[in-house]
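Scroll down for the structure; my scribbles are underneath it.
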Amino acid sequence: MKITLLGAGAWGTALSIAFSGKHDLTLWSREVDVADDLRKTRENHRFFPGYKLPESVAVSTDFEVAVAGAELLVVATPIAGLRPTVERLQALGCKLPVLWVCKGFEAGSGKLPHQVVAEVLGKEALCGALSGPSFAEEVAAGQPTAVSLATNDPAFAREAARQLHTTRLRIYANDDLVGVEVGGAVKNVLAIATGVCDGLGLGLNSRAALMTRGLAEIARLGLALGAERQTFMGLAGMGDLILTCTGDLSRNRRVGLALAQNKSLPQILEELGHVAEGVYTAREVDRLAARLGVEMPISAAVAAVLDGRLTAAQAVEQLMARDPKEELA
């Protein structure tokens, strides 16, 4: 299959490596210097150092040329880049199926990725999300990984999963696109909370409680948006939550660890040097939960800490001071 990956960041590079043995690939880069580096050294020193891009992967900075001839497009930008990318596809009259790997709610609109794509390309456009417990570094290194592929057409999900599946990247088809996207978005917020918990030295009991109650928050929001409950017990729910909350490669977890040290958010993001989607998603989740009347106290506490309304320690005190509840109510 001819696949074009749009975006030469960590995920675009990692998936180019992962899919290279099975497909005819083109990696499109917006940054000319990144493309030049990839062509000359076969390494993305700016965004993803330490991993070699196979010679078989073509690198392009010409958007129209990169898209031409492809059978499948994979948008590998942060969510902030999703709309501009699909708008360029729409301008070309592109009718190709589109997948994305970004996770979150669009800043300002609060839309999930599939809503953004449908708004730009039309509801009839074949599209879907590749999501689950996966760090780009481990995917590029060929470590065994399993993810979900959810689309707006079950037959397309099954066929795309079959085509993209490799011996190192196991892909499960899923027909709950909303659930997969909500799981991938909100877990980033909860990873910040877990980082705060660990950074304050609150212990493993606290971490386990936070993750479990956080999963309940994901499910409540997802159900309010029309998702299926069982999705949150799978790879894009519990699986991604566990990885992002406990893995040291998690940018969102590292944000939480730094917040526990009372570092300012601008300083944290500057030191991180990469996008941490949970920082932006927290505010959208907080607004969406309020609008839908969904109780999400952990996510709300994260938003309050990020906005400077609470310190990390105050947020913990506030959560623990809440009235007793029935666990499964």
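Note: Cβ is positioned from N, Cα and C throughout, glycine not excepted.
Among the candidates K22, K40, K187, K325, the one that Swiss-Prot lists alongside K103, G132, S134, D240, S250, R251, N252 as binding sn-glycerol 3-phosphate is K187. Distance noted between the C-alpha atoms of V275 (NADPH binding site) and S134 (sn-glycerol 3-phosphate binding site) is 16 Å. Counted over every protein chain shown, other Cβ atoms within 10 Å are most numerous around K103 among the binding-site residues K103, R251. If you compare Cα positions, A136 (NADPH binding site) sits closest to S250 out of the binding-site residues K187, D240, S250, N252.
Rounded to a whole number, the C-alpha distance linking W11 (NADPH binding site) with D240 (sn-glycerol 3-phosphate binding site) is 16 angstrom.
In sequence order, T145, V147, D240, L243 make up the list of same-chain residues 6 or more apart from S134 (sn-glycerol 3-phosphate binding site) whose Cβ falls under 8 Å from its Cβ.
Largest CA to CA distance in the NADPH binding set (W11, R30, K103, A136, R251, V275, E277): 23 Å, whole number.
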